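Visitor: The structure is given below, and queries will be raised subsequently.
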Amino acid sequence: MDFGLALLLAGLLGLLLGQSLQVKPLQVEPPEPVVAVALGASRQLTCRLACADRGASVQWRGLDTSLGAVQSDTGRSVLTVRNASLSAAGTRVCVGSCGGRTFQHTVQLLVYAFPDQLTVSPAALVPGDPEVACTAHKVTPVDPNALSFSLLVGGQELEGAQALGPEVQEEEEEPQGDEDVLFRVTERWRLPPLGTPVPPALYCQATMRLPGLELSHRQAIPVLHSPTSPEPPDTTSPESPDTTSPESPDTTSQEPPDTTSPEPPDKTSPEPAPQQGSTHTPRSPGSTRTRRPEISQAGPTQGEVIPTGSSKPAGDQLPAALWTSSAVLGLLLLALPTYHLWKRCRHLAEDDTHPPASLRLLPQVSAWAGLRGTGQVGISPS
């Protein structure tokens, strides 16, 4: 009888254990105890409970936080956090019950801000600079375990760089209303000698490490070479061709025709006019200017205009025009007194009482001609 009672108790215990094994614990997605959500983003948390008698109830609850939007049905509850703010961070608890038994699962919701806004100071390094600073703007959280900085060269941390510790300050922009307060964190390093050759750039890397999440942003810091090294090739290479090439052709090609061509026609052509040009001027350019045979063969004015025309077509037109205008002006000045003289002689010829000098000489000429015919020319009266 005792043996039968023992079997009965064992059967009942096995039945109870079987029912308990059929009841599964709560299933939460995502399963991590800490869930990170970006500031302004949205996230869903789903909680499920399977129960044999289909009488399970599941519900999300918040602890001193804004819970969010919750949709629940039999054995399932979904929590949605939209446009997450810093106030949405906190603890969420999923509570489920089945057959008189209660289960719960806790989730820590963490809201972070880590935009790609890194600035460096100075913007570019020169070998010998003592320090460099890197600042991450509008970030949270600022715990050193969550936010860290590193100074890299060639993908590895710069050896010998000494970190001086982060500086945390609130952003200068004042929050309005329910806006969240964000921070800027600055890390400074004391730089070692960069060595030779100098690397082209250093990199500031900021890393945000949260449970189930790791983000990194990187900002380049160019390294300029010493200012004295690039100057010699830059100054010597362009100056040598610039100074020698333009000066030699300018002085040799332009100066001789400028001094010889315009001066002689200005002095000789208007004064002698066409009378003395054939006797004097052809010899003077031949004797003084032995380099140009064209000047000795041509006339005084044309001989000096021809070489200028060959070298400078624009300069040839100006002396020729001056010579022509001077000649026309001289003819006009000579025509006016000639006309007045001719007019005066004409009036004297028409006047009977004042015959012209040519008419008064006629009797003497005729008398002299008569004496010559008789052979008495040259005999003085005695």
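Placement of Cβ uses the backbone N, Cα and C atoms for every residue, glycine included.
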Visitor: Which cysteine out of C47, C51, C204 is the one Swiss-Prot pairs with C98 in a disulfide?
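Guide: According to the record, the bonded cysteine is C51.
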Visitor: If you follow Swiss-Prot, the disulfide involving C94 connects it to which of the following: C47, C134?
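Guide: Its disulfide partner, as Swiss-Prot records it, is C47.
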Visitor: Name the cysteine that pairs with C134 in a disulphide bond per Swiss-Prot, restricting the answer to C204, C345.
Guide: C204
Visitor: Please name which of the disulfide-bonded residues listed here, C51, C94, C98, is nearest in space to C204 (disulfide bond), Cα against Cα.
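Guide: Nearest by Cα distance to C204 (disulfide bond): C94.
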Visitor: For the disulfide-bonded residues C47, C51, C98, which one has its C-beta crowded by the most other C-beta atoms within 10 angstroms?
Guide: C47
Visitor: So what sits near C134 (disulfide bond) in its own chain, CB-to-CB under 8 Å and at least six residues off in sequence?
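Guide: In sequence order, the residues whose Cβ lies under 8 Å from that of C134 (disulfide bond) (at least 6 apart) are L118, T119, V120, F149, L151, T186, E187, R188, C204, A206, Q219.
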Visitor: Can you give me the same-chain residues 6 or more apart in sequence from C94 (disulfide bond) with a CB-CB distance under 8 Å?
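Guide: Correct list: L26, V28, L45, C47, V58, Q59, W60, R61, S77, Q104, H105, T106, V107.
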Visitor: Note the mean pLDDT of the topological domain 'Extracellular' (19-317), expressed as a whole number.
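Guide: 75, rounded to a whole number.
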Visitor: Note down the number of other Cβ atoms within 10 Å of the Cβ of C204 (disulfide bond), including every protein chain shown.
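Guide: Excluding its own Cβ, C204 (disulfide bond) sees 23 Cβ atoms within 10 Å.
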